[in-house]
Amino acid sequence: MPREVKKRGRRAAAKRAEEEKEDVDLKVYENDEDYVTFDADGGVAGGHDDEENDGYDNETPYNPLDLKQMPFFGFLDDQESEYFKTAESTLAVDAFGSPEEKLGFISGLLDEARGKELKLVTNQICSKLMERLILLANDEQIRALFEVFSGYFVDLSRHKYSSHCVETLLVRGAAIVEKEVLDPNFDGDSEDSMEKRFLTLANDMKDYIQDLISNPYASHVIRVLLLILGGQTLPSPTSSEGNSSVLRSKKSRTARRNIDIKDSEENDRAYQIPGAFHDALEAIVSGFSKRLKPTAARELAIGQVSSPVVQLLIDSEATTSEQRPLLNTIFADTEDRDSSEEAFVEHLLSDAVGSHFLQNVLQKAPEAFVERLYRLYMSQRVQKLVRRDYAGFVIETCMQRLPEADVHHIIDTAMGEIPYLVENNNLTMVRILLTRAAAANYKATDVANAVLKTFDTDSTDPKLLQKVLQLDEKNPYKPHEASSPGLHRCLVLQQLVEASPEVLATAFVGLNSGDVDVIKMAKHQSYSRLLEKCLRPSINTIERRKFLNKINGQCVDLARDPFASHVMDRLWNFTYKMNNFREKIANELVADEDLKENTYGKAVWRNWSLDKFLRRKSDWWVTLHATDDALAKEYEELGIPLDAKSLANPGQKRFGRGGARIITRGGGTFPRGGGRGRGGFRGGRGGAPRGGFGGSDRGGFKRANGGDGEDASGDRSRKKVRNE
């Protein structure tokens, strides 16, 4: 007879044994009266063989929470499961003929799910359906779901699938609370109010906070609850902008993006809340801090799952209590050095999670607290701390909060460690040092020169860009990983370019050399940002022409790229007073009829005002000149007059009755402001009328290849340009 197909090998055998161990018979309970919890072995939690004992100790409250006990609400039968899976697919496709049809479908689904909600939210596929329904339900349907989940929130929050539904339900509920607060006719004391439901939920959660914040699923629910009770902004669960890390880690946000469920409109905003919410938040924070001893509190503070919630509790404490009991439990409430606190701080400075916790605390703690920690445990050890991978972020935060004298001491001490940091690829600390020195206006040039010296270069070296980036000879433009040394070298160079105009000018010369491919750099996820930093209108005009000639004919391709499209956006300002280049780029972009259909090309089209360029070109020129005027004013406030900075080099100024003029390499002149007629370009000895191209080989520039912008010798840098 046929034999059962089995996987061979010890790993497969071990996996089968594990599955058989977990394969237990679970009784299906059809109503809430039969609901019980099961332990890790599949048995009834607290059950005994003694028939006289019902398995529960009614004298002891359900606290602390046994994390091994997981809720079980039964299974759907095959027919129900198939029906709801099909419904989930229908909602995901969203191919309804009208909004009314969709609303009717949602109402029918909620009616069909009545009595089965707890089974649905704990099912892998059906929980996605319930989350979609929660997002699409009206206010009355949200209230009804709150009522169904009431009494089960603690257990549902700990479940892998239902926890997402609880989070979404809380966000939808917060929007309803705001409506009730803003409605003058609403009775806030009504038992049907969403405010009462939230207060009941907060009271149920209060006694289990210590256990829930250590659960990988419930911790996210607690974060949402704390943000709502505190009236803080609720970040999007998928966005990486703003304070999104308060709600989810980067890994968690990525996982949520992979689920095809759109964010609720209630995300990314704060809500008006009743005063009772502040009282509930204070009760949670004070109750949590009173039950904890310093050792337990510190363990939670460095826990990978619990640490973000403890940070949020400390932030919430600042608005509910002036005494800061939780902060004073984790850290010693004394001015003197404490041995246990010293060991704890040492661990924080050496640990990834701990350093993030300490950084967050120092950002929002009172200045006296920051100065005390720095004075007792860090001031004498700056030289060692800057060498650590994780302590650098803490040092950065200290430099933002400490007095000027302490900041100067850190910079002076850390400068001597720059060679060690570069040699060991700890370039994060190098970037921090560059940033803070510039912000403090203290030895910023000295720090930049020390960094360049470590890379065996200086601000006048034409090979500066190549020496700092250290491009791989075999594959110089391979994608960078998050921890790639190439990425961090690129970030260091960006910081140097930001800090020093001399480094900017020298690095741009490197871009125009034949050693780098600017097209590939523009399409690189890291180097494209470096290009954006370098594309400034203060760059010498001749160097700008060289760069623009390098990308000639590639603009459409760059505009369609997710990274290079940002470079194309920067070209609008980069081409200051180079109107013919702007017009040439615009013509190249509008020649591609499908560019607007591309996601990135559409953004470039909008930023270059190409609709105006096609329909009302005069308006486009007005926009262009307004941009130039704004840029000139902006750079003048920075002490960089763009006309003199960008047009004077490498020639010299000539003053006369006609105003300031620049002598070009070829001997021709043009006015500083640009224009037509008498102020136009003059060619060689004969010149050319009205700003045309000169015909003399010696003094002027020739049109070559039918006016494509190259002279007869093929030198693309010697290109004659006419300002419109």
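Positions of Cβ are set from backbone N, Cα and C atoms, glycine also.
These numbers come from a predicted model, not from an experiment.
Swiss-Prot lists 1-14 with the feature compositional bias 'Basic residues'.
The region 'Disordered' feature in Swiss-Prot is assigned to 1-23 (among others).
Look at Swiss-Prot and you will find 39-61 (among others) tagged as region 'Disordered'.
Annotation comment: Swiss-Prot describes 147-183 as repeat 'Pumilio 1'. Mean pLDDT across the repeat 'Pumilio 1' (147-183) comes to 92 in this model.
The feature repeat 'Pumilio 2' is assigned by Swiss-Prot to 204-239.
For 235-258 (among others), the entry in Swiss-Prot reads region 'Disordered'.
Summarising the annotation, Swiss-Prot assigns compositional bias 'Polar residues' to 235-247.
Across the repeat 'Pumilio 3' (291-328), DSSP helix (H, G, I), strand (E, B) and coil residues number 27 helix, 0 strand, 11 coil. Annotation comment: Swiss-Prot describes 291-328 as repeat 'Pumilio 3'.
Residues or ranges marked as repeat 'Pumilio 4' in Swiss-Prot: 340-375.
The repeat 'Pumilio 5' annotation in Swiss-Prot covers 376-412. Here the repeat 'Pumilio 5' (376-412) has long-range neighbours at 337, 342, 345-346, 348-352, 354-356, 358-359, 362-363, 367, 370, 420-421, 424, 426, 428-429, 432-433, 435-437, 440, 442-443, 447, meaning same-chain residues at least 6 beyond its ends whose C-beta is under 8 angstroms from one of its own.
Under DSSP, the residues of the repeat 'Pumilio 6' (513-549) split into helix, strand and coil as follows: 22 helix, 0 strand, 15 coil. According to Swiss-Prot, the repeat 'Pumilio 6' annotation covers 513-549.
Sequence annotations record features per position, and here Swiss-Prot assigns repeat 'Pumilio 7' to 550-587.
Residues or ranges marked as region 'Disordered' by Swiss-Prot: 649-724 (among others).
If you look up Swiss-Prot, you'll see 665-698 marked as compositional bias 'Gly residues'.
Contact between the repeat 'Pumilio 4' (340-375) and the repeat 'Pumilio 3' (291-328) is supported by 3 or more Cβ pairs under 8 Å, counting only residues 6 or more apart in sequence.
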